[in-house]
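Per Swiss-Prot, the features are:
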type     : residues : note
COMPBIAS : 1-20     : compositional bias 'Basic residues'
REGION   : 1-287    : region 'Disordered'
COMPBIAS : 21-64    : compositional bias 'Basic and acidic residues'
COMPBIAS : 71-108   : compositional bias 'Basic and acidic residues'
COMPBIAS : 126-137  : compositional bias 'Polar residues'
COMPBIAS : 138-186  : compositional bias 'Basic and acidic residues'
COMPBIAS : 247-262  : compositional bias 'Polar residues'
COMPBIAS : 264-287  : compositional bias 'Basic and acidic residues'
REGION   : 324-390  : region 'Disordered'
COMPBIAS : 331-347  : compositional bias 'Polar residues'
COMPBIAS : 348-364  : compositional bias 'Basic and acidic residues'
COMPBIAS : 365-390  : compositional bias 'Polar residues'
TRANSMEM : 410-430  : transmembrane segment
ACT_SITE : H504     : active site, charge relay system
ACT_SITE : D534     : active site, charge relay system
ACT_SITE : S619     : active site, charge relay system
DOMAIN   : 680-733  : domain 'PDZ'
Amino acid sequence: MDIGKKHVIPKSQYRRKRREFFHNEDREENLNQHQDKQNIDNTTSKKADKQIHKDSIDKHERFKNSLSSHLEQRNRDVNENKAEESKSNQDSKSAYNRDHYLTDDVSKKQNSLDSVDQDTEKSKYYEQNSEATLSTKSTDKVESTEMRKLSSDKNKVGHEEQHVLSKPSEHDKETRIDSESSRTDSDSSMQTEKIKKDSSDGNKSSNLKSEVISDKSNTVPKLSESDDEVNNQKPLTLPEEQKLKRQQSQNEQTKTYTYGDSEQNDKSNHENDLSHHTPSISDDKDNVMRENHIVDDNPDNDINTLSLSKIDDDRKLDEKIHVEDKHKQNADSSETVGYQSQSTASHRSTEKRNISINDHDKLNGQKTNTKTSANNNQKKATSKLNKGRATNNNYSDILKKFWMMYWPKLVILMGIIILIVILNAIFNNVNKNDRMNDNNDADAQKYTTTMKNANNTVKSVVTVENETSKDSSLPKDKASQDEVGSGVVYKKSGDTLYIVTNAHVVGDKENQKITFSNNKSVVGKVLGKDKWSDLAVVKATSSDSSVKEIAIGDSNNLVLGEPILVVGNPLGVDFKGTVTEGIISGLNRNVPIDFDKDNKYDMLMKAFQIDASVNPGNSGGAVVNREGKLIGVVAAKISMPNVENMSFAIPVNEVQKIVKDLETKGKIDYPDVGVKMKNIASLNSFERQAVKLPGKVKNGVVVDQVDNNGLADQSGLKKGDVITELDGKLLEDDLRFRQIIFSHKDDLKSITAKIYRDGKEKEINIKLK
């Protein structure tokens, strides 16, 4: 690649150097832009960036000028190095020829002297090296701070120059040259001081050692001279300087000299082993420059890089001390080896240095990759977080816009919803209250009707007491029997009251004391009574308007479980007007009644069963339904141990038939067939055989006596006939026979009977009139 001024280089090398040059300038520009962003508006910084990128032509021109000057200087340096190498080769050959014939005694003496002074030299050398290390570290810190200050100044100046699109100033180049020259001067001074101190220590040990060290020190000024020449050269950028040194080391590796001697080869091998552990001064310089370059490239990692460089410096100093001690012990052998061993050692030390440089570069690359990956992960996490926040912000913005656009409608809608909920709750409460009121009203109505019926019934129920007995010949205890009971006013005609009660209440007394609910009393007269139905009618007169006629119901329509009220006067006047409540527990009951108290039942009373409380004094009281109408008259209760609330009432329809005859006739005319009979159940076996009764007959009656010219005699009944059916109904006993006959008291029709006579079954008609 022809770059002008009669210089030709490979194209790949040209591109590499151009990239390095542009990289350095871009890095400086980026630093300047980073500082400008803190002080200048975004608009100004963007304009400056555009102007910088437009100045690509000027960059190429500056690069070509810099590269051409660098190549000229390199050619001069190469020529000078060749001259110096030829001169040094001649000197080394003469020194080798002069020292080749030294005896082994010199080496033995040198080894003994070295063993004596080994400990003292180590301590002194360690102190000297530690002081030199501290001085180098301090100078490095000062130089780094100076470089940072200079870079900041450059950034400011570069920012000013970016607006005018000018080239970098000469002041920056001079400061760079001064910093690099000061660094190289400090390194060369440290090397000369170390060599002088080593030479002074060698003079104290022995004269022979002083001669060897003096010969060795003669070579040191050459190094310093070369360093001075390098310092006088025009400074290059850091990457270029590093590459130049690598090329020089490679040139040194190609220089080999053959001096045929097995002993010399063994000594050179020993020296080479030591040289593997000996870091060179140029290695230190390269490391320092590399560290400075890394610090400049990445200002954010200055602290970490400096700490790593300090650790490497300490490790290298320790290795130097150890290797220098061994080097002093084998100084004679190393000098007798000659230039061949020196060149081989330098070759191996150069390889070691290159390996250490490569390892250091790999370590820095790994650290850089690790940091880069960590930064990338952090950037990804930050970007995800920012995206999430942006999404949330977008949602919030959308909601805000929606609210700003439609908030009046939303407020109205919410108000309507709240109003609907409130109205619904109000209507539900109103309906609930209405239902509760309806239920309460229904309950109140029901309760009021019940109470009304009870109060009306109480006005129609009276207390009945017999005053005197008509038959004065009866014993007092018998005359006082059933003295108090209850009665019901079933009809009122003006001031005349017709009261129905039980026959066993009035007894055989004609006059009865009637007491009303208002405690007024009158005397009533018994119009008629019937012991077979246990009913009686009393007539009384009263102008008291509070006494009411009771309403009459229909007992043919009774329902099992129908609620009823019982009103009467239990235990006399003191508890008059007592009301008890119950239900109809049974219908069509046949209740046996003992009227004359001879412990023998006289009649089957047709009644319905109630469970309301009935006590002595309730006989003749009223049983009303839920409408307050009379459906029955209390007649009896079962008074037996362990029996409760089993009472019976005569149906009102039967009562009406009886009281009608009692009002007009004063008695009830029942048909009398003129027979006496026994129950089959009471017959013994002899009596059953006498009447030739079949074994299958279990119930019925046996005619025991027939009146002459009576209805039974006229009908053809004979003594010994067994009657099992009457009027199409099974006949259980004589009470049932009387009940069936009395049930036809009104029509007096003939009824059919099934009988057994002489063991044969037959039917006959019994006349009732």
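Positions of Cβ are set from backbone N, Cα and C atoms, glycine also.
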Summarise the model confidence on the domain 'PDZ' (680-733) as a single mean pLDDT, whole number.
84
The transmembrane segment (410-430): which same-chain residues, six or more beyond its ends, come within Cβ distance under 8 Å?
403
Using a 10 Å radius around its CB, how many other CB atoms surround H504 (active site, charge relay system)?
21
Per DSSP, what is the helix/strand/coil residue tally across the domain 'PDZ' (680-733)?
14 helix, 13 strand, 27 coil
Tell me the coarse DSSP state (helix, strand, coil) of S619 (active site, charge relay system).
coil
Under DSSP, is D534 (active site, charge relay system) part of a helix or a strand, or is it coil?
coil
Other than its own, how many Cβ atoms are within 10 Å of the Cβ belonging to S619 (active site, charge relay system)?
28
